[in-house]
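Student: Structure below; questions to follow.
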Amino acid sequence: MENIILIGMPLSGKSTLGRELSKILKYDLIDTDTLIEEMEDKSIKEIFKIYGEDYFREKELKIINKLKKESNKVISTGGGLPIYNKNIYELKKIGFTVYLKVPLEELIKRMVKKEDDARPLLKNDDTKFLEEMYKNRIEIYEKAHTIICNTNYEESLIAIVKAYKKWKGI
């Protein structure tokens, strides 16, 4: 499958870079959180509040199964999608996985700066929770095909496209 799958912590830039990558490569963009919101006709925050995290993770599994039939897509995942149910291995079968590795200090800055109601697991004052999440997830994220360690937007795009072309043998 020739998809690019962006994984990483909340606030790592998956959605933003995904939009630009899809334009550059002329691939359709799929945002897994947006798909779930459309399926449920509710925001992620509402889904968590009404049905709980387990229900949300089941929906993510359904999305992964649908994605197995897709090609030439840029897929931006929710931060937890690769973590649960060993989904990272399923994602690697679907396409080229890219871990957008952002230093914890930068994620904390972004969290404090961005008051975002859409992220049910993050509150703008909960740096301890973010630190714990980072520690618990990093090992799985690092199983991606490539790791982009860059907070510069343009350089990240260039690095992703280069790594993807190398993976494809172009």
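Just so it is clear, glycine is given a Cβ too, placed from its N, Cα and C backbone atoms.
Swiss-Prot feature annotations, pasted as is:
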type	residues	note
BINDING	L11, S12, G13, K14, S15, T16, R119	ATP binding site
BINDING	S15	Mg(2+) binding site
BINDING	D33, R57, G79, R137	substrate binding site
Student: For R57 (substrate binding site), which residues of its chain lie six or more apart in sequence with Cβ-Cβ distance below 8 Å?
Tutor: G80, Y84, N85
Student: Using a Cβ cut-off under 8 Å and a sequence separation of 6 or more, which residues in the same chain sit near G13 (ATP binding site)?
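Tutor: Correct list: L100, V102, Y153, S156.
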Student: List, in sequence order, the same-chain residues at least six positions removed whose CB sits under 8 Å from that of K14 (ATP binding site)?
Tutor: L6, I7, G8, S76, T77, G79, L100
Student: Under a three-state reading of DSSP, tell me whether L11 (ATP binding site) is helix, strand or coil.
Tutor: coil
Student: Using all protein chains shown, find which of the binding-site residues S12, S15, T16 scores highest when you count other CB atoms within 10 A of its CB.
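Tutor: When each Cβ's neighbours within 10 Å are tallied, S12 tops the list.
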Student: Using Cα coordinates, what distance in whole Å links S12 (ATP binding site) and D33 (substrate binding site)?
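Tutor: Cα to Cα, S12 (ATP binding site) and D33 (substrate binding site) are separated by 15 Å.
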Student: Between the two most separated Cα atoms in D33, R57, G79, R137, the residues recorded as binding substrate, what distance in Å do you get?
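Tutor: Comparing all Cα pairs, the maximum is 18 Å.
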